[in-house]
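Feature annotations, courtesy of TrEMBL:
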- 17-122: domain 'RecBCD enzyme subunit RecD N-terminal' (DOMAIN)
- G189, G190, P191, G192, T193, G194, K195, T196: ATP binding site (BINDING)
- 583-630: domain 'UvrD-like helicase C-terminal' (DOMAIN)
Amino acid sequence: MSAMNTLQAWLRQAAAERSLRPIDTELPSTLHKLEAEENPLCWLLCCLVSHQYGRGHSCLRIEELQHTPDFVLGFALPDDLKLWLEPKAIAAALQQSDWVQCMEKNTESVEKPLVYAAGRLYLARLWKAEQGVAEAIQTRIQMPIANDSEPPLAELLKRVFAESNDSSIDWQALACAMAAQRKFAIITGGPGTGKTTTVVRLLAILRQKYGDNLRILLAAPTGKAAARLTESISGAINRLPETMQKGIPTEVTTLHKMLGARPFRRSFKHSGENPLPADVVVVDEASMVDLEMMAALMNALPANTQLILLGDKDQLASVEAGSVLGDLCKGAEEGRYSTNTLAMLQPYTPHSLAAFGGSASYASESHASEGEEAPSMYNQATVMLRESHRFGADSGIGNLARAVNAGDIQRLRGGSESLFAAFADIELLSPSAKESGQANDFAALRKLVVQGYRAYLGQITESDTEMVARDQWAREVLTAHRSFQLLVALRKGPWGVQGLNDVVADWLESAGLITRAPGRTKSWYAGRPVMVQRNNYTLNLMNGDIGITLRDPETGKLRVVFEQADGRIKWVLPSRLSDVETVYALTVHKSQGSEFAHTVLVMPDEINPVLTRELVYTGITRASKRFTLVAAKPAVFAQAVQQRVIRSSGL
Ligand SMILES: Nc1ncnc2c1ncn2[C@@H]1O[C@H](COP(=O)(O)OP(=O)(O)OP(=O)(O)O)[C@@H](O)[C@H]1O
């Protein structure tokens with residue numbers, strides 16, 4: 001069999017086994033129709049780079065592919081194809097292919113569908129996005145900002161950080177000092193470390209510096225995250241000195257809305273040709289922003305606009321390709337500041353910052369440095385907030401999140417040494433030896449879930465409410481619903497969304513909290529909680545919005561109620577909602593940007609590549625008051641905490 005036939009046979013098999021998506025196997029033949037390519041190795045690399053994109057990687061690292069192909073790809077590549085991955089053969093194939101643009105300098109314009117640069121193979125679109133992000137950041141970091149305002153920056157900082165004591169480094173003040181002197185800055189930190197507080201103080205300083213005409217835009221990746229920021233920003237403004245509160249916006253939009261998303265179009269209304277009318281743009285929950293969205297944002301910013309990203313670098317990366325915030329924040333704990341950056345920050349703290357850097361230079365080219373430890377240009381614009389004001393030393397949730405981040409398995413296990421034994425706001429549930437280990441047989445989980453969801457389901461029968469109070473009733477049900485949420489790691493399987501949604505609905509029905517039509521358990525019924533899976537511009541509902549099905553007291557018919565960003569309640573006919581899913585169980589991915597008073601994270605009974613430290617950390621940090629870990633098998637939880645998300649990128 002010729003090499004091309006071998007490859008074609010494998011592509012068919014991989015598609016049938018679903019190790020590759022149809023788009024991955026079809027990409028090379030589509031390209032071949034446009035530009036003939038006879039080298040089967042190019043076909044193989046082309047479908048592998050597409051496969052990696054589908055798994056969230058911006059590129060395929062060729063050397064890693066040669067050394068550990070199965071690990072890199074997430075499936076076993078047949079041995080005869082592994083033999084093809086010989087360095088010289090790959091280099092020659094890429095050099096000679098009309099599909100591949102081999103980059104000598106990053107400045108060349110891209111005309112081919114694939115790009116090979118610095119040992120990485122990209123789909124051209126992803127390469128352009130990565131370059132766009134890196135260049136926009138570099139230009140902004142190098143853009144000088146005059147530090148000659150009156151009153152001086154130190155004086156302005158004193159005004160907004162009046163309560164600050166000098167016993168340790170005040171990273172919030174330093175974050176403001178950094179962002180007031182750079183056109184690009186990242187403020188990263190765990191939950192409750194004061195990212196919103198800090199950015200509001202920064203905006204107050206910028207207002208004083210540049211006057212009332214400063215145009216500020218605030219955005220977040222999802223409607224839910226935008227609504228949360230709107231709420232916390234108003235609180236933070238109220239805590240500012242009264243004279244500095246004026247003119248700080250409280251309206252937060254979604255990134256899609258800010259950029260002007262258009263139905264069925266990839267491009268946005270705002271771009272290089274039609275930039276955003278803004279002097280300062282703040283983006284919260286930046287860990288959820290994927291590479292292409294970040295590139296679209298950078299592209300839409302006028303050259304002089306200041307960009308500030310807020311987010312928790314330890315959270316799960318975006319659903320789409322890239323892990324932009326995580327990549328940019330590598331080394332943020334150590335600071336890794338150059339001597340210039342240290343000189344810029346040192347005047348604003350009485351404590352020496354020498355331990356946080358001091359190298360003479362940093363890698364200013366985005367692709368120049370492979371060294372993990374080398375300071376990057378991004379480090380020069382990043383400040384990490386280190387103290388949680390919400391989850392202090394006495395908080396189980398805070399301690400648990402920190403132990404997970406540190407991979408401290410000893411303190412995460414059950415037993416007397418465990419954090420679960422030491423704090424009342426966290427607990428660990430596992431099936432007892434008598435139980436079968438199946439979800440539907442797990443009595444403690446059943447009790448917890450029925451109790452938890454009773455908070456809102458106990459209110460859904462109040463349909464005799466006065467008409468005027470109809471929206472108020474819906475709002476109360478929606479608020480009660482946010483008090484408890486079951487989170488899961490996987491979509492499929494008995495411990496995933498699908499399995500648990502069914503089990504939970506059965507439990508709630510047995511408890512008399514919901515009633516489904518006999519034999520039609522999948523249809524609509526009062527109390528069914530749903531999440532919108534796709535932006536719906538006609539209904540103005542965004543991917544991630546959660547609604548509850550209620551019987552409309554006006555008509556007696558079922559309607560789904562949603563709370564909109566402006567606080568208004570929307571009543572929607574169930575038949576108009578095509579892309580929704582029941583969310584008694586919600587994936588951790590989909591829960592990003594949301595917070596629930598009591599969060600229950602259910603870990604499955606088998607290890608899976610999706611189970612990572614970032615996923616566990618994100619699940620825990622969704623809880624504001626109480627957290628329950630449900631571990632069908634505790635060993636799986638321990639293994640997940642040791643497994644890190646690795647996404648290839650050149651940032
Ligand atoms: N320096 C500080 N001193 C005392 N309390 C603070 C300080 N900074 C923030 N807080 C308080 O900590 C809480 C969390 O602050 P904030 O909302 O700014 O944090 P965040 O990092 O934005 O949180 P989130 O996890 O919601 O993103 C608020 O109640 C705030 O008032």
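The count begins at 1 with the first shown residue.
Even glycines carry a Cβ here, placed using N, Cα and C.
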Protein Cβ atoms within 10 Å of P191 (ATP binding site), excluding its own: 21
Secondary structure of P191 (ATP binding site) (DSSP, helix/strand/coil): coil
Residues within 8 Å of the G189, G190, P191, G192, T193, G194, K195, T196 Cβ centre (excluding the ATP site residues themselves): D312, L385, S388, H389, R390
Helix, strand and coil counts within the domain 'RecBCD enzyme subunit RecD N-terminal' (17-122) (DSSP): 54 helix, 12 strand, 40 coil
Sequence-ordered binding-site residues from G190, T193, K195 with Cβ under 6 Å of an atom of ligand 1: T193, K195
Residues satisfying Cβ distance under 8 Å from G192 (ATP binding site), sequence separation of at least 6: S388, H389, R390, F391, G398
Around the Cβ of G194 (ATP binding site), the count of other Cβ atoms that are within 10 Å: 21
Model confidence over the domain 'UvrD-like helicase C-terminal' (583-630) (mean pLDDT, whole number): 92
Count of other CB atoms lying within 10 Å of the CB belonging to T193 (ATP binding site): 22
